[in-house]
Amino acid sequence: MVEDKSSNANFNEVTLDHIALDWDIDFKLKRISGSVLLNFLVLKETDKIILDGRDLDIQTVELNGAACKYEVEDVGVLGQKIILQTGPLATGSKVQAAFKYKTTESCEALQFVEAELSSDKKQPFLYSQCQIILARCIVPCMDTPMVKQTYSAKVRVPTGIVCLMGALNIGQTSHEDGTTTFTFSQPIRIPSYLLSITAGALEKREISDRCAVWAEPSVVDKAKWEFEDTEKMLKAAEELLGKYIWGRYDMVVMPSFFPMGGMENPCMTFVTPTLLAGDRSATNVIAHEISHSWTGNLVTNGNWEHFWLNEGFTVFVERKIMGRLYGENLRDFEGLTGWEDTLLPTVNDVFHPNHEFTKLNPDLQGIDPDDAFSPIPYEKGSALLLYIEQKIGNIERFNEFLRAYITRFAQKSIVTDDFLAFLREFFTDKKDVLDSIDFNTWLTSPGIPPNKPSYDESLVSECRQLAAKWCHGSEEEITSIDKGQFSRMTADQRKKVLMSIDAEEPLSPNRALLLEKAYDLNSVGNCEVFYSWALVAVKAKWPPIIPHALDFLTRQGRMKYLKPVYKRLFAWEDSREQAIVRFNQNAPFMHPIAVRAIKALLKK
């Protein structure tokens, strides 16, 4: 019996089968109000149903049409425990609970954006972010990936606002009172963290007969151009993993302070505007979110101590897709840079090599899993899968394993032992190979993995050589560097040059000045490249970077960028106070998850 230390629900006794939402969005009061019907199936005789909640204003609760006694208990980082006193419930019986409720101003799952802060500054904007355990902020539910349910929704918004959800849009109706009702259905079972909603002045551009992008009018055509390869990526994923079953694969571009790179809400991926680099260099993020349609959304980690089953698999598949479409050496480039520029610094600098959160299977007892969120499950998890593939020694055979894994566990929630058991079941002829892999250390020990996969380093070597010149070259060597070499590189290679510089001892302020002049780095539009440059320049304590870094932190709210840049600005005496002032100015507009993360940096 799988437990979930991040949920209060008694999901091993009762399971949630369907959620029916009826919501009104109030942009002035910044809340959602309405009702929800929850259909349950009793798995084991009990006299109560326990749900997850957090900061919900509950007005009434009914059970099978009659008033129901209930209690709400505060349980620290896990929010609230909502206990419905049901009386005896027999195994196999079905029960329906009805809630009338409102969200509150402390709801961390919703971000209401004022019109003047939207891209077009004409209409307000709303988006949700329920991963990891914030679905309980917008609906009473069993907020655990162990429970998967279908859902339907009716959502009323002011006319002129378009509402979208991670579901199929099955119609809309305009009313005389100046509102419009949008109706949605998600017929495939999903975990609660994939519940999603967004609303704003949105327009649609078709990419293919099943792919489209939504965004505000001033952004939507740029987004269509940027994501032109979406259908191509979706087909590559299908070739690898099997049929795409979700119907639509649409994307919606979020406001600037969206905290994630992308969120894999089914049928409707939410993406950061930082991907709109104008050079299609951020397509790997779309490949990542597409991959989640199988690894994460279809086969789901049973609890957050096994998050690597979602993210490690998805990074592994994402890189396979990129390799198929753009060359296998790119797959190796992304894997190697993930190891060098993300995994190693996260283990050694963000945490430390003995930190619990550097394990693939960390213990999350008493911990908000958002506090454990990091690149570890992504990079360490994908490295493990690549290492296994290389030990097996046959890429196509491992691809067959991936397809079989998806087939075996589709629409289920699993833990690491399920993966390991199926791995051995599939590769019965490779017992000695699998026995030679130290899975215990990979999964349960902190720090750097015990083995590093092999990578083709051809695309990386040029980057390292250029970085070495900037770090160790003489003044004469620096002035003779071919400036065109950097501009001829891909955006990922330019980022790698800068990350390789950052991995060395700090540049002198004068060397940072020369680097900026050579490549005009303060003006670069690609967020990945500028982010890497900001790290280098702040580390070098080059004062002219401060206003540029602060502006970067104001233009976007992606935590991948915010946390490292704020951390370095806070640590530098010349920039600390300015960074604190800018954070306090930005905090009212940032997502609550990001605000909490930056406040935690200030406490260190």
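In case you wondered, yes, glycine gets a Cβ from its N, Cα and C as well.
For the Zn(2+) site, TrEMBL lists H288, H292; matching the candidates E305, E311 against that entry yields E311. If you measure from the Cα atom of H292 (Zn(2+) binding site) to that of E264 (peptide binding site), you get 6 Å.
In this view, M559 (peptide binding site) is surrounded by 19 other Cβ atoms within 10 Å of its Cβ, with every protein chain counted. Mean pLDDT, taken over the domain 'Peptidase M1 leukotriene A4 hydrolase/aminopeptidase C-terminal' (458-602), works out to 96 on the 0 to 100 scale. Residues of the domain 'Peptidase M1 leukotriene A4 hydrolase/aminopeptidase C-terminal' (458-602) grouped by DSSP class, helix first, strand second and coil last, total 117 helix, 0 strand, 28 coil.
The 10 Å shell around the Cβ of Q131 (peptide binding site) contains 27 further Cβ atoms across the protein chains shown. Taking the mean position of the Cβ atoms of H288, H292, E311 as the Zn(2+) site, the remaining same-chain residues with a Cβ inside 8 Å of that point are E264, E289, S291, T295, G296, N310, F313, T314, V315, E318, Y378. In this structure, the CA atom of Q129 (peptide binding site) is 15 Å away from the CA atom of E289 (active site, proton acceptor).
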